[in-house]
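These come from TrEMBL:
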COMPBIAS  1209-1219  compositional bias 'Polar residues'
COMPBIAS  1220-1230  compositional bias 'Basic and acidic residues'
DISULFID  Cys865-Cys892  disulfide bond
DOMAIN    1-120  domain 'F5/8 type C'
DOMAIN    128-300  domain 'Laminin G'
DOMAIN    306-478  domain 'Laminin G'
DOMAIN    480-517  domain 'EGF-like'
DOMAIN    516-568  domain 'Fibrinogen C-terminal'
DOMAIN    727-892  domain 'Laminin G'
DOMAIN    893-931  domain 'EGF-like'
DOMAIN    951-1118  domain 'Laminin G'
REGION    1198-1230  region 'Disordered'
TRANSMEM  1163-1188  transmembrane segment
Amino acid sequence: MSPLYSHSGAGGWSPLVSDRYQWLQVDLGERIQITAIATQGRYGSSDWLTSYLLMFSDTGHNWKQYRQEDSIGFFPGNSNADSVVQYNLQQPEVARFLRLIPLDWNPNGRIGLRLETYGCPYTSDVVSLDGRSSGLAYRLSPGVKQTSKDVVSLKFKTLRNHGTLLHVEGHDGLSLSLELERGKLLLLLKQGRTSSPETHRLASLGSLLDNQQWHHVILEQRNTQLNLTVDKHAERFQIPAEFSLWDIKQVCLKKYRLIPSIRPKDFHGCLENLQFNGLNLIEMAKHKDRKVTGNVTFSCLESISIAITFPGPMSFLQLPWITSTPSEAFSVGFKFRTWNKAGLLVYFNVLHRGGVLWLYLSDARVRLEIIKEDRTLLELRAGSVLNDGQWHSVDLTFKHGLLTIMVDNESVAHALPSFPVNTGSHIFLGDDGPECRNPFGVFQGCMRHITLERQPVDLIMVQQRLLGNYSQLQIDMCGMIDRCSPSHCEHGGRCTQSWSSFHCNCSGSGYNGATCHSSVYEQSCEAYKHNGNTSGHFYIDVDGSGPIQPQQVYCNMTEERTWMVIQHNNTGLTRVQPSHGVSQLSVHFDYASQEEQLLAAISQSEHCEQELSYQCRMSRLLNALEGSPFSWWLGGPGQGRVQTYWGGAQPGSQQCACGLQGDCVDPEHYCNCDADRDEWTEDSGPLTHKESLPVRSLVLGDVHRPGSEAAYRVGPLRCHGDKNFWNAAFFDKETSYLHFPTFHAELSADISFLFKTTASSGVFLENLGIRDFIRIELSSSTQVLFSFDVGNGPLEVHVESSIPLNDDRWHQIRAERNIKEASLRLDDLPVVTREAPLDGHFHLQLNSQLFIGGTASRQKGFQGCIRSLQLNGVTLDLEERAKITPGVQPGCPGHCSSYGSFCQNQGRCVERTNGFHCDCSLSAYTGVFCQTGKLVSAVFKSETSVSYTFKDPHRGGRNSSALPSSIYSDLTLREENVSLSFRTSQSPALLLYISSYYREYLALLINKHSEGMQVRYRLDSSREADVLRSSVSGLANGQLHTLTIRRLSDSVSVQVKFNTLCKESEDMDADLAWLASLSFTGCLSAVCFNTISPLKAALLHPDNSPVIISGPLVKSNCGSAASANPHAQHLTVFVSFSASLADQSGSEGSGQPLVNAIRTDSALVGGIIAVVIFAVVTGLAITARCLYRRKETYRNQEVKGVKQDDSQDFSFNNQADSHNVSEHPKEYFM
């Protein structure tokens, strides 16, 4: 082998055959810490390697493949024979032997190599433990002062998957143990000297630690904080406080001798460089230091165990049977380990006429089948859960006519074949080789201890092509990887794996995605509102994909602001019960949310408050300003800080609200209760200083005197506003951008934001590294592109929209990248994903500034608005950065174009700086989206009436007073709409009567015995009324029904009467007059006449609206659908429908309320009803169209006597007529 730059001899290594079964092995003479390797092609030739693998070993057996930080197993080689390519190992490797395996080489040449390795001398102290009598113990000197921290470090290697590795004992029976269990290292905290001490598992790290490779362990304790590191995986956790002051008595291996009452779990293997607080305990044992006792061998005695790896398809081992002639008795044995549930283990021919024996894994069990001509002659099963990565033994024997399969020396299955069983000439392990008949899947895993006829198979001879045949195998190593250790599943997701991949089960975690990275919940009540939700209990995740877990809160959306409500254990008014001998009462409040959840929710909100109330009788509260207060409360982070002010006052004032306002009952005091009067009074108000919230505890001092009485109340924590949700910036030029510090997201990254623009393209975000990058851009008016490179080449994910994205409306982008896949979601379109390479780079390494709204080259910049930009759950403050950046403006108006559709029932969207508001003044409904009917519902008795009168606009114009409110607006009718909801058990009943001074009318009534509904029209005073009848019955069943009538006309002057008429109409038909005299008993809700809501005006604005109320008018929630029977019918005349309603309660994470405590309807429910039930009474709608058409005919004075059945193809004309005819005076009656 020639060194680099050598021009002598053959000029390097070049095997006779160039294939992937060649290797070059180097013996360094002793263990060296190898730090780099350099390669060069063979001198004066066309021979060089383009890629290769590196293997290391201490003994020349049991090789370990070197993998780079990102699990890359191969190294790029040379591009010619002369240049030198050197790689510095990211983690230096300690080994004596190095093996280089060529993967690819110059296609126009052969394998050729000159090689040099670089490293440093390595010294170590090693001991062997035999698993029986050997051990080592170090006892600390009595009275030795303990250090501020204790550190134990060591390396170990073993072939066994269990055993006590280290035991650190303190006084009073306290101890820490490091124990191997199923190839994992457990850290156990124990208390007690018995054979069964109380044990607490603190951590479980590592996996496959029984692979006879060196593993590095560091255990560090600093007070109650404990750090455990196994190889490159570290974990930090807290231990109980009582263990922080313990004194370490001794450090021992496998609890050696010093605790004879406890039978140790024997560790069998080698340890290296055992150190305690810098002391080399093995070296001390060599020098027979009195503090170290034990019986060990100062060398590493390793047994040789040759394993083979089956990495994938076409991986097989073909062996000849030991006997030269077919035999009616045989045995096969081996051990295997795998992560896969299925795969072929063994295959060979039996029977002389084409029978086959298959031994395979299925559903993680061993199954045996003997098949001949596609017919199963025999089947056996044994074992379970054999895909756990542990070594499992399999023994298959046939003797004296009995076929036996045994797994792990426990699970046994027998069969007595009724046919002769003879082996063929050879046996296959793994795949079935070139015959390609394997129907059971490929085995991927490791095997060792292979025996045929109870004789071990020499796998080194197989490797040297002296025995059998093989393909695609890795011999003398087990190349198994635990992809779940450390787990890449976040937020408690459960990791499972196969040979080539892993899967995260995110169920119950509140997160989703390939690695359970992204939260399924919104970050605030404000976000739920802008998804169209109504009040209810929701889970919010304040930091998105961050470490803070979701919390359940109540979102109150009934007011103009959206309130987040967090309850605690005592929100009601609580009377103080004095206790004898107790001068103070201390009350602690426990919140439904955890500490970090509370603080994050408060910090994110624009405003928070908490009601603090004290009702008193001869019980003083704060006393004078200069004196010590009788009572105080604690609030803020942790246990809280002492606060001496009360609700409604300012921090530090030692006052109550009345003291701040100057209206206390006694001007000499600053709280009402401090007057100490023998009468009940109260001090209450909201606490609004966010730094002092939430209230943690309350201390009441003046509650023990005779005659003292008091009661307190600490309300729930209430917050509104989301500082992150509306944080926005406007980029008015393509060259404008914002820059932030580097985005650090090596393993996982999620990016979410909203944008609106009129431009057809532009870069939203970009961050560069030396070679890596991440970018999100609007690549066209209908496409969003997410691209990045982590070293494997650019990967792109794009989503195509069917509608233009440059429509100046808000659109949401959510992008995620992890080691498994990349995903991109636009608005509510399906998620698009791209898988990452199985074995490739996965660390995203960025080092430049993060650019928002542009790129480092200032090209392809974005013009428009970006809002609520979050990276891994952290919101970037775009507004603050925009204030100091030219070309970028903070904030972004214009939300109604996106959210205006949420305002229902003629509600009007009003713009705000941060969001929008639904103005319900012109709607018959109330609520955050003008969708709640229960506040405008009333129960009518027989003597109840409401009349609403409005004047001719011309006559009103002659008055000096202007119209007082918007309820008088829109008196010139171009289109007429009437709607209401009702609930009654009365039939017959007149629901609606509209009349004009032209002696025309419209009447809506329920027939006798509730047999359907009747609509009567008289559109010409010279003609009889037309009658339309509906076949829908049961309307007087006490359930909630909804009616809607829409009239299209030039202009009309009407009088609308509901229920009891305030005055008789001389033109009313006799039967209608009789119906009117019966009055109406029942419920009316959400009555609307165009933009006028007479019932809402009567209930909510009776003093400043032109309404006259006679008799009792009782506000009720009878108009709420939630209060109706679940089988209630809802009927609308114009677009008719009826349906059953149920409470709309969503499940956790569904985006719907968990509990609809406010009982409001949603737009979604109505939409479903309209679609499903439209066909039920569509005949009535069609008939109504004929009547409207007849009305148009009358208005044109072309009376043709159109019958109801004559036409069914009339379509409504929604366009306003060009003529404007002033209205006559009207009166609206109920």
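Each residue, glycine too, has its Cβ placed from N, Cα and C.
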For this session: Could you say which of the disulfide-bonded residues Cys865, Cys892 has its Cβ with the most other Cβ atoms inside 10 Å?
Result: Cys892
For this session: With pairs restricted to those 6 or more apart in sequence, evaluate whether the domain 'Laminin G' (128-300) and the domain 'EGF-like' (480-517) have 3+ C-beta pairs under 8 Å.
Result: yes
Exercise. Over the domain 'Laminin G' (306-478), what is the model's mean pLDDT?
Worked result: 90
Exercise. To the domain 'Fibrinogen C-terminal' (516-568), which of 1-120, 306-478, 727-892 is linked by the most Cβ pairs under 8 Å?
Worked result: 727-892
For this session: Summarise the domain 'EGF-like' (480-517) by DSSP state, stating how many residues are helix, strand and coil.
Result: 0 helix, 10 strand, 28 coil
For this session: Helix, strand, coil: count each for the residues of the domain 'EGF-like' (893-931), based on DSSP.
Result: 7 helix, 11 strand, 21 coil
Exercise. With DSSP helix as H/G/I and strand as E/B, how many residues of the domain 'F5/8 type C' (1-120) fall in helix, strand and coil?
Worked result: 0 helix, 61 strand, 59 coil
